[in-house]
Ligand SMILES: Nc1ncnc2c1ncn2[C@@H]1O[C@H](COP(=O)(O)OP(=O)(O)O)[C@@H](O)[C@H]1O
Ligand SMILES: [Mg+2]
């Protein structure tokens with residue numbers, strides 16, 4: 001049995017079901033991200049774990065104990081908010097000490113713990129500052145220290161980086177992950193940024209319309225999306241329509257070319273999803289599926305050359321690595337592109353708008 | 001100098017004259033008790049009158065109790081409405097405005113009818129009961145000011161998220177209100193408190209009808225019977241109000257965390 005066990009969790013506001021049959025076992029010390037577009041129910045799941053919302057049905061167990069009937073202040077859960085939510089009337093040290101004081105920890109132990117936490121987040125010497133004297137990134141680190149000071153069983157973070165600048169967002173997410181690893185604290189991290197989720201999580205839960213569409217490691221989610229939504233939401237994906245010529249052998253037609261997927265198919269039309277890095281300009285030895293098209297635009301980014309092209313009437317994007325001996329192609333030029341059939345994501349069914 | 005500037009100066013001067021002339025007149029008059037020269041005789045008389053000291057300290061004590069009770073009623077209510085029933089805010093706001101619409105005399109007659117010696121709760125039968133009644137009346141009178149001040153204070157903080165942050169750190173309701181909400185609306189509470197103080201010190205109708213030895217009825221009594229002393233009292237009362245205003249400013253300055261963020 002897992003450390004944190006969420007089973008058949010549902011939540012309705014009035015007649016609207018915003019979380020539907022949500023199941024998620026989380027191991028002790030694991031870092032799990034809830035990823036999905038705005039309004040898909042991520043925050044609602046998190047708030048049910050924290051105790052700020054009551055589930056309509058379902059159970060949440062932490063370390064074998066059902067916590068649904070417990071009030072938020074009885075759950076021993078650390079929470080970090082997008083808006084930092086530091087107490088404006090308290091200094092950094094007092095903010096971090098708040099939970100300890102509530103618990104009745106002795107002054108000496110409290111002081112030691114606060115110092116330890118400030119060292120952990122790299123804000124030693126900031127004890128007497130007030131929140132308004134700190135930058136956003138610093139405030140969020142204090143909020144993290146405050147949540148961790150009481151040694152919660154579970155740490156919940158609701159889009160903690162969304163209010164920060166892009167640069168700080170990246171460095172702080174690494175820092176959060178680093179601290180999480182060091183303390184081995186079970187963590188649920190909510191975000192709508194797929195890069196964020198993929199880069200720091202042990203596992204990612206991709207949510208859509210209140211449903212967990214796929215749960216898996218970042219590598220799995222990115223390379224083997226189980227639904228069309230996941231494939232389109234996570235990472236950049238080129239979509240190309242294909243006609244099925246022969247279901248049993250898996251022969252398909254793309255524009256004027258034909259190719260074989262080498263596996264049986266179930267529908268007459270399908271969409272091929274190709275990651276930008278799986279598509280190669282020109283022919284390549286092991287990439288035996290060839291498509292033709294035209295180059296629209298070329299962005300030289302240094303190590304990577306990003307090419308926009310039209311293939312079979314669809315706009316696609318591909319990345320190639322820079323090589324000193326090979327100058328980038330010229331826009332407007334006709335070109336061939338190749339892809340390994342195993343790198344194709346076959347998305348059967350309707351294309352979402 | 002351009003024409004618009006001239007007009008603003010004239011407007012300002014007229015405003016200041018309108019405000020200060022009666023005040024200066026009153027002060028000047030209060031100093032003229034001794035014939036032919038200025039003196040503080042009227043003030044001396046007032047301060048030496050034991051009735052002044054009695055009624056004034058009675059009113060101060062009443063004001064302090066009123067403030068405590070008002071804060072205890074208003075802060076949790078305004079907080080709870082913001083947190084749990086934001087839709088009810090217009091209704092609550094309307095209710096808190098009622099004391100401005102209903103004359104105090106109606107309230108006090110209501111009290112006397114409800115709590116007279118032959119009622120189920122004979123509060124008017126004893127002095128302390130009547131004091132309690134009077135204090136509740138004062139709390140009602142100050143409700144519009146206190147509620148608005150506190151509600152404005154609550155608007156400057158993210159009540160909901162701060163509450164949840166405190167809850168997740170293990171805090172219960174008294175801790176949240178006492179350690180998180182109250183300190184953050186303290187400046188607002190102070191301004192509500194000083195307004196309450198000013199109201200209670202000058203209140204006449206309720207104190208007179210409940211027959212309590214408050215400052216308001218004393219003021220009226222002196223005003224009806226003496227010449228220079230009422231002016232001195234008016235100046236004293238006015239100074240108290242101004243000191244209250246100064247204290248509001250001081251409280252704002254002394255609260256370190258409420259300074260605006262550096263840009
Ligand atoms: N207290 C509430 N009352 C009514 N509807 C709500 C409430 N909280 C959230 N919702 C609705 O539930 C849905 C999911 O919200 P949320 O969990 O905040 O999404 P996310 O965090 O993924 O953006 C949204 O459509 C939102 O409008
Ligand atoms: Mg959200």
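A Cβ is built for glycine as well, from the same backbone N, Cα and C atoms used for every other residue.
Because the structure is a prediction, the values reported are computed rather than measured.
TrEMBL lists transmembrane segment for one of the ranges B:132-150, B:151-169, namely B:132-150. Residues B:56-79 are the range that TrEMBL records as transmembrane segment, among B:32-55, B:56-79. Remark: the transmembrane segment (B:91-112) contacts the transmembrane segment (B:185-210), by the rule of 3 or more CB pairs under 8 A.
Most Cβ pairs under 8 Å to the transmembrane segment (B:56-79), among the stretches B:7-27, B:132-150, B:185-210, B:230-254, belong to B:132-150. Packing against the transmembrane segment (B:185-210) from elsewhere in the chain are residues 59-60, 62-63, 66-67, 70-71, 74-75, 103-105, 107-109, 111-112, 124, 130, 133-134, 137-138, 141-142, 145-150, 152-154, 157, 216-217, 219-220, 237, 240-241, 244-245, 247-248, 251-252, 255, 258: each is 6 or more residues past its ends and has a CB under 8 Å from a CB in it.
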